[in-house]
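Student: Dropping a structure here in structure tokens format, bear with me for questions.
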């Protein structure tokens, strides 16, 4: 049993110090943070001055250094998600960012503006839905990983034992991490999605849980973070675990998703779908092998399901992925290419059964994790399906939900919830819960990476592709286009700041946020708008003859269209690009 973190806290604020008081039964600890020296110490309740301003909080997210100095980030609101084997799981829904400094008079105007921008970045990340924590249970590990731990591991604090891939406030907690005596004040926070449901089939009640854990390594937004880095971390890597708890028995099925693990990019350039660029100079095999070496160590066998198009702009990526798997020649890897869009065109989504039939035997070999009511491990999951499309969102989520249902069918039959021959699809009440949960999971993962809800969720929710779903996909695609081109640079900077990929240095002579714009950035859009406006005016206010009107319309029309294509040609100069961290530029 891990050493629990404190659940009930009070924050006492004085001009000199922050005091975080533990209010759990029998607790006398007070975490003290000096607002001048930034020193963190442990005190007792009698050390809190009665003059302090007091407020309840629900956890410490951590501290961060900005231009104005240090800031303390605390959780101010939470909602209960459910109970996980008698452990309460919470979603953090509101935060407060508190400055150590009492005044900003020591800052110049430029520093004040930069500090304001950095605070806006912090708040942007905090406002993204999907931060979860528990004060008594380790949410960062799967059931199978937790079952294979030593007694020493189980005695560690939640912070010490957490899987660092999924601790999104790891950088913010670095000061508390260095002092084991204050670990009970430190909450490892997960980013992703968690839902819990009490369900009933055949009069038998069981808990069904879905957890998606987003990796904080190579984290970012859709078009600015693709492929892998030099350490083998894949973009948009998510570990998804489905858990069943029935009569003391526990079963789980784990899947992963992650960007195609080679060095490639797809930077926005105002085009609806920028061309993917595969690096011609990077050592793809080195990064590829690093990625899968770590995946095999953590999860075992890898069944790779590549769902991207096998023609057009996506074809080179599919060929590269297949070549890499073949060249590595590992017996721990199986590669399956399934052209999702080709197979399911004309809304023939029933054809997904082709893929499910193809991998059925492999899924049976991989199995799932099962512990009986006596605590004995009955079955281990021997590997995972690693699914991907271009974004690892829409197509990926559809396939994962179908694979998870097949595993759940086997688990519930083995546990005696389903009768022999009974199909999960026939259990209408549970099916509704199941489909909606997986659609909600898709939306959460999509919003965190692409900025909008997922596409194709009408199929996940209903089992059918609908015309309304197509319209909603079109709307979400338009929103994605706007965000990817005109706001994702800020979103990427926000994530890099939050995760510590960029550290603020107030002594920097040049502000990283100040990026001079080329003359084209202002001049060309103005010319295009003026030319288009003149074209409309000429149409509305006809000249003396139709030839004169036509000449004016043609002139201004050609000017506006020509300017538009010049802007499109120079698209990368017009998009909102990250400013804090330069990712590998390989295009």
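Glycine is treated like the rest: Cβ placed from N, Cα and C.
These figures come from a predicted structure and were not determined experimentally.
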Student: Among the residues 432, 456, 583, which does Swiss-Prot list with the feature N6-acetyllysine?
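Tutor: Swiss-Prot annotates N6-acetyllysine at 456; the rest carry no such entry.
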Student: With the ranges 486-506, 549-569 to choose from, which does Swiss-Prot describe as transmembrane segment?
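Tutor: Going through 486-506, 549-569 one by one, Swiss-Prot gives transmembrane segment for 549-569.
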Student: Do you know the DSSP helix, strand and coil residue counts for the topological domain 'Lumenal' (542-548)?
Tutor: 3 helix, 0 strand, 4 coil
Student: Take the region 'Essential for phosphatidylinositol-4-phosphate phosphatase activity' (452-587) and average the pLDDT across it for me.
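Tutor: Per the prediction, mean pLDDT sits at 83 for the region 'Essential for phosphatidylinositol-4-phosphate phosphatase activity' (452-587).
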Student: With an 8 Å cut-off on Cβ-Cβ distance and a minimum sequence separation of at least 6, pull the same-chain contacts of residue 456 (N6-acetyllysine), or say none.
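Tutor: Once residues fewer than 6 apart are set aside, residue 456 (N6-acetyllysine) is near 394, 395, 397, 398, 442, 465, 469, 473.
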Student: Helix, strand, coil residue numbers for the region 'Essential for phosphatidylinositol-4-phosphate phosphatase activity' (452-587) per DSSP?
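Tutor: Counts, helix then strand then coil: 87 helix, 0 strand, 49 coil.
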